[in-house]
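A.B. asks: This structure is in structure tokens; I'll ask about it shortly.
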Amino acid sequence: MLKLNLEGIYNFLDWHNYAQTFAPQIKVIHQKLHQDQQLKEKYLGWLELPLHFDFQELEKMKQLKNSHPNLDVLVVIGIGGSYLGAKAGIEFLQTPFKKTKPEILFAGHQASGNYLTNLLHYLKDKNWAINVISKSGITLEPALAFRILKKEIEEKYGKQLAKNRIFVTTDSQKGVLLNLALKEGYQTFVIPDSVGGRFSVFTSVGILPFVFANLDVVSMMKGALQAYHDTFQEDLFQNQAYQYALARYLLHTQQNKKMELLVSYEPHLLSFSEWWKQLFAESEGKEEKGLFVGATNNSTDLHSLGQFIQEGTKMLFETVLNVTSIKDDCVVPHIPNELDNLNYVAGKTYSQINQKILQATKQAHIEGKVPNLEIVIPTLDAYHFGYLAYFFQKACAMSGSLLGINPFNQPGVEIYKQKMFALLKS
């Protein structure tokens, strides 16, 4: 189970005093999140998803996958929350060195013609299908990618057969993509109207790619459900998600920290960190408020960003994701008459070495005046992916509410789009 370790901030904050002070406010925010019907209907469709997960819809997705037994590749088209959750879950749970069928590839998450051209070349001799994800259907990058991939798949299989290889995840009532899907006769799945993209990982947005990737969705939702129950506590002292939210809020407002780094020590967590960045940046970065969020993957980044973190501007704090047990591990062999001077670690596993690196780094950074939060999970499995993703969603809702902003909208992203469309149409 997840454990939050706050010891790395005690030298910087009178945590216990602040916690007593903010506990009543957190209780009020919790009650608003769970009882404000208007708020729930507009923004909080994700809040009780683990409680009311649609297992019939899951079976429908499994049947769809089973109807394509020889599929080599599923191309998931989406950007932002329409792909980050799926990519995070798949990379959290699968090794890049063991190719499973179908392989899940992504498109429409940038505007690179080079990427798309090479993807099309890769698909030439593959048996493939498309899952296009967009609530509106007008987001430029996925819409363009879908236009090109749709043309390609229709040329390869013919229009009639191609329509059975295109799965659309979109709004249930309106939108360009829904209209196109209905006209063409594509299989559709629903993005709930009250669920924003960055909170959509447990909807069909994430679940359909997870099914095609052969992930254990049932265990994942058990983890999310346990996180729902654990974070349903209105008492700050019984709710680790709220403690994390308050800690980062206090480091920002009382210690003037401008940036939070999510620090991981497993490559499997790289895409999870990208998902986390969108969750917090898009939720909190408004009204000239909020922390800038970034991520590092150690020990790799200790050899690049480590110098700045240790001795640079004291603008940041770290949240360390500590995975204490790894299923696949490697033992350092003992070599007689060693020439590489490494027998001092002979017999140790890489996990044991990684843990020592983590502990040493945390200690050094705290001594270097960099506060550290630590979130500990026992392993990388479907259950803990579900738990961790829901934990951060709930923490984000509380953290943004403490800032006094609406954590569930994103008005700022429309500004560049307006200018972009004006330039493209001029």
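Heads up, the Cβ atoms here are built off N, Cα and C, so glycines get one too.
The shown structure was predicted, so the numbers you read here are calculated from the model rather than taken from an experiment.
Dumping what Swiss-Prot says about this protein:
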ACT_SITE  GLU282  active site, proton donor
ACT_SITE  HIS303  active site
ACT_SITE  LYS417  active site
A.B. asks: Cα-Cα separation of HIS303 (active site) and the residue listed as 'active site, proton donor', in Å?
C.D. replies: 29
A.B. asks: Among all chains shown, work out which of the active-site residues HIS303, LYS417 has the most CB atoms within 10 A of its CB.
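C.D. replies: Within the set of active-site residues, the most crowded position is LYS417.
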A.B. asks: Just how many other Cβ atoms lie inside 10 Å of the Cβ on the residue listed as 'active site, proton donor'?
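C.D. replies: Total other Cβ atoms inside 10 Å, all chains included: 24.
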A.B. asks: List the Cα distance (Å, whole number) between GLU282 (active site, proton donor) and LYS417 (active site).
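C.D. replies: If we compare the Cα positions of GLU282 (active site, proton donor) and LYS417 (active site), the gap is 15 Å.
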A.B. asks: Which three-state DSSP class does GLU282 (active site, proton donor) fall into?
C.D. replies: helix
A.B. asks: Quick check: in three-state DSSP terms, what is LYS417 (active site)?
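C.D. replies: For LYS417 (active site) - judged by DSSP and reduced to three states - the answer is helix.
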